[in-house]
Structures are given as C-alpha cells and as structure tokens.
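Participant: From TrEMBL, for reference:
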DOMAIN    12-440  domain 'Cation/H+ exchanger transmembrane'
TRANSMEM  26-42  transmembrane segment
TRANSMEM  54-71  transmembrane segment
TRANSMEM  83-102  transmembrane segment
TRANSMEM  179-200  transmembrane segment
TRANSMEM  207-225  transmembrane segment
TRANSMEM  231-251  transmembrane segment
TRANSMEM  263-280  transmembrane segment
TRANSMEM  300-326  transmembrane segment
TRANSMEM  385-403  transmembrane segment
TRANSMEM  415-439  transmembrane segment
C-alpha cells in the first residue's frame, strides 16, 4: 500500500475515532487500539514495525512537552509528593516485585529479565487523564494522574537501562544512584533550555516564527540530556513547566494563543497515532509468536501475573499515600502559630529594617502557605479518590516503545515484548473501558459550580480595581506626562467600547490621536491586569483553571487592541 494512502487512512481513522468515541461513551484511544487490530487484518495493509527510537525520541518529547507546558506549576508543586510517590516509588517497587515473582515462578526467566519486564509495564499512560476529565472529578485528581504520567516514563526507562545492563543481578544502590543523577542533570538541562527558549522567543514579534521555534524546544531539551546520560524526557517535562510558568509574563498573547492551538493539534495526532500503532502491531506479533511455536498459555499466565502484581502494588502504595496525606492534613494546624508569629513580626516596627522586596517576599510566602493550607483541607484525596488512582493506572505508548528497546540478544526478548504489549492493550481495554463507569459508581464527581463562580467574580472584581487604579493615576498624572481626555479614560475602563473606539480613526487628526491614546492606555491597563493575575497565581489564592480562564479573557482583549491599532 502506498505510504501516502496509508497516512491519509491513519489520519481519517484518528479523526473518526475522536468524533465517534464520545457518542458511544468510550475513550478515543480505546477505539483506536481496536481499529488498529482490525486494520492489521485488512489485505494490503503492510506490516508496520517502527524503530523504538522513533517513539522515544520523536514522539514522546513533543507529547510530554504539550502536556507539561499546560500543567500549572502551582498544582504540580502542591501535589509533588503524590506525583513523586506514584511515578518513582511505585514504578521501582512494581518492577522489582515483578522481577522477584518472575524469577520465582516462571522457568527460564531470571531476576534481570523480570525487572526489565517490570520496568517496561510499570509506567502509566496519560489516557487516564483524558477519561477522568470528562467525568467531572476534582481537578486535584486529574493533576496527580497527569503529573504521574509525565514523570514515570523517565523512572521506568532509567530502571530498564539498569536491568538490561545487569547480567545476573540488579543492584538497588546502583539503580538509585543512576536514577538520582539522571533526574538532577535532566532537571538542570530542562530549566536552562526552558529559560533560554522563553528569553529568545520574547524578543520575537511574529507568531509564526515563535510557534515554529516552540516545535524545536522539546528536542533541544531532549538531545543534550540524553547525551549527558540523563533522562531526556525529564528534561522535556521541566522545560515545559518552565515555559508554562514564565510564558504569560513575557510572551505576547498572540504568540501564546497561536502556539496553544498548534500544539493541541500536534498532540492530538501523535497520541492518536501511537494508539493506532499499538493495535496495528499486536496482531503481527501474535502471529510471529505462534509461528515460532510459542506457548500461548505461558504468555497469558505471565501477562495476567504482571497485571495482577501491578494492581496489587499500586493499591498498597496508594493506601500508604492516602495515610501519609491524612497525617499531613492533621499537621496543618502546626503551621498556624508559625504564621501568626510571622504576621506579628510584619506588623511590628522590627520589620521596617527589611527592604521592600524582602517584605513582599515574606508577605507572598505567608499568603501562599495560607492558600496551601486551605487547598489541602478542601481538596482531600479520600478512599474513593484512591480507588480511582489505582484503577486509572493503565499502560500505553511508553510501554510500546520501551519493550522494543530490548537488545536483540536479550534472553526471552520476543516473549517479553509480547507480554508487554498484551499487558498494555489489556489494561487499556479493561481498565480504560470501565474507568468512567467506576468514577460514576463511586460518586467522586466534584460540584464546583458555586466555588468557581465565586472565584471568577473575585477575579473580575480584581481586574476592575486594577483598571480603575491605572485610569485614576492617568487622570491625575497623565500618560507618560501627557494629559488624556476624560472620554478616552472612561472608554478604557469599559472594555466593551473597543468597537466604538475604532470609529475615531476616520474623524480627523484629533480623533486619530484620541484613538492612539486609547490604544496606549488600554494596553497599559491590560498589562497591569496580566501582572495582577500572575501575582495571584504566585500566591495560590485561586484555582489555576479559573485563573487561566480569566487570563484568556485578558489575552483576547490584548488581541482586540492589535486589531484596533
């Protein structure tokens, strides 16, 4: 079959699955896996065996960047403990448990082979996030699942590399040192690349060029980290977090909105292609296994064993995590006396010795800690949320790619690859197919209508105050020393008059000057409002979703000004 026809067919299937899946109540990735299996049976469809490096270095970096650049840094920080526990501790523990069970009960496979298999099937996929988002669960649960899927890829691949390098045994100490060094170096690379990319793009005032540069950013982060022996995927995630945090402060609204639209399209196509590829590869792998007289019973037993261990280990560690988070909530009251002492200090004459910048940082620290305390108290992860965390641990694209990175001479390679694929597809179809039902059955949907309305009202009032403050200042002192007409100031305070302001353009020199004043003052007000939203984000007083919604409103106002100018 011609490559062009195959590409168009794949694109058609991806789009069709995304359109039809919501109508039948099934997640699109599950439909794509089944579609891939069926497509592989069609005569004329060639056997597709992509190089593992294509997935690891070509597909995963942009996918992880697209996810991490939209992950609010505040949410990631607040749930770093949960994310680290699930993406590092659970992955390593699951891999070691599978290695021990395989060595004990599966003849012909040793501990190193078992740990390699465990490392391949341990990382979870972000498909769970897309499923639970539609069910209306608490945003905190979505954050934990999404953050886990971004980080556990790296921990699994580092562990796999150590297991493959081991001939007969895996040293836990060596794996731990390798992992820590890999993460630290990758994080440093990610911070540097993220900061540099934002600084460069801030100096460019062309949305097309800016977006084109953003396409290269994940690979620029991935390549040097891998060259240094670190995790390229962690570098990509860190770069995305840095870009997402600093972008609203320095990048133009037009650039960020154009980038967001293009990245959503890229992530949609890549993610759909990966799941379609999983289905396409599964059939031929089973045929090869039968042709080589493979023991299907052994395959089924080993796959079921791995799935059972993964669920058991994840369940035990989620219980431990919930207990730890409960203890943390009980300890929150210990922070109140400390915060009171800081407040008393700030109100005393002693604080006058501090610089204004130092005082601002202390005030921000107090406000952020108060917001964190309210968050942990209001957004609890209870037993029902824990059940969702356990059942949402399904496998996907990383398992597909990691399985095929096993070297050719690795013992029982074909069996391990097929087990990994079977585990991934089974978990996607069984857990993914029932996850929405489990969420509804447990009743964990969050009713956030009232709290969202209150926060949006407060944010709107804050922006109105910012606009009034800047306009009052301009009315008293002028704009850059120039007095402005009261009509211009009044119209800036009411952003619904943008279209009316454009009429000034054709009413003579005086009116055109009025329009220029309007645009200049309106831009200054929007800049102040954006700064106020960024400060609010740093303080943690508002949910990130509501902040982003209001920020998009400010960005839309910024773009409307460009059309006026």
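Any Cβ shown, glycine's included, is placed from N, Cα and C.
Automatic prediction, not curation, is the source of TrEMBL annotations.
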Participant: Against which stretches of its own chain does the transmembrane segment (231-251) lie, if we need a Cβ under 8 Å and a gap of at least six residues from its ends?
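Facilitator: Cβ under 8 Å, 6 or more out: 57, 60-61, 64-73, 76, 150-151, 153-154, 157-158, 182-183, 186-187, 189-191, 193-195, 197-199, 201-202, 210, 214, 217-218, 221-225, 530, 533-534, 551.
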Participant: Within the same chain, where does the transmembrane segment (300-326) have neighbours whose Cβ lies under 8 angstroms from its own Cβ atoms, ignoring anything closer than 6 residues to its ends? I mean 6 or more beyond.
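Facilitator: Answer is 81-82, 85-86, 89-90, 93-94, 97-98, 101-102, 105-106, 117-118, 121-122, 376, 380-383, 386, 389-390, 393, 415, 419, 422-423, 426-427.
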Participant: Residues sitting near the transmembrane segment (26-42): Cβ under 8 Å, six or more positions beyond its termini, same chain?
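Facilitator: For the transmembrane segment (26-42), the nonlocal Cβ contacts are 9, 13-14, 17-18, 20, 127, 130-131, 271-272, 275-284, 396, 425, 428-429, 432-433, 435-436.
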Participant: Ranking 54-71, 179-200, 207-225, 385-403, 415-439 by Cβ pairs under 8 Å to the transmembrane segment (263-280), which is first?
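Facilitator: Looking at each of 54-71, 179-200, 207-225, 385-403, 415-439 in turn, the most contacts to the transmembrane segment (263-280) are made by 54-71.
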Participant: Is the transmembrane segment (54-71) in contact with the transmembrane segment (179-200), using at least 3 Cβ pairs under 8 Å (sequence separation of 6 or more) as the test?
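Facilitator: With fewer than 3 qualifying Cβ pairs, these stretches do not touch.
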Participant: Do any residues of this chain, six or more beyond the ends of the transmembrane segment (207-225), have a C-beta under 8 angstroms from a C-beta of it, and if so which?
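Facilitator: Answer is 57, 61-62, 64-65, 185-186, 189-190, 193-194, 197, 200-201, 231-236, 238-240, 243, 251-252, 254-255, 258-259, 262-263, 266.
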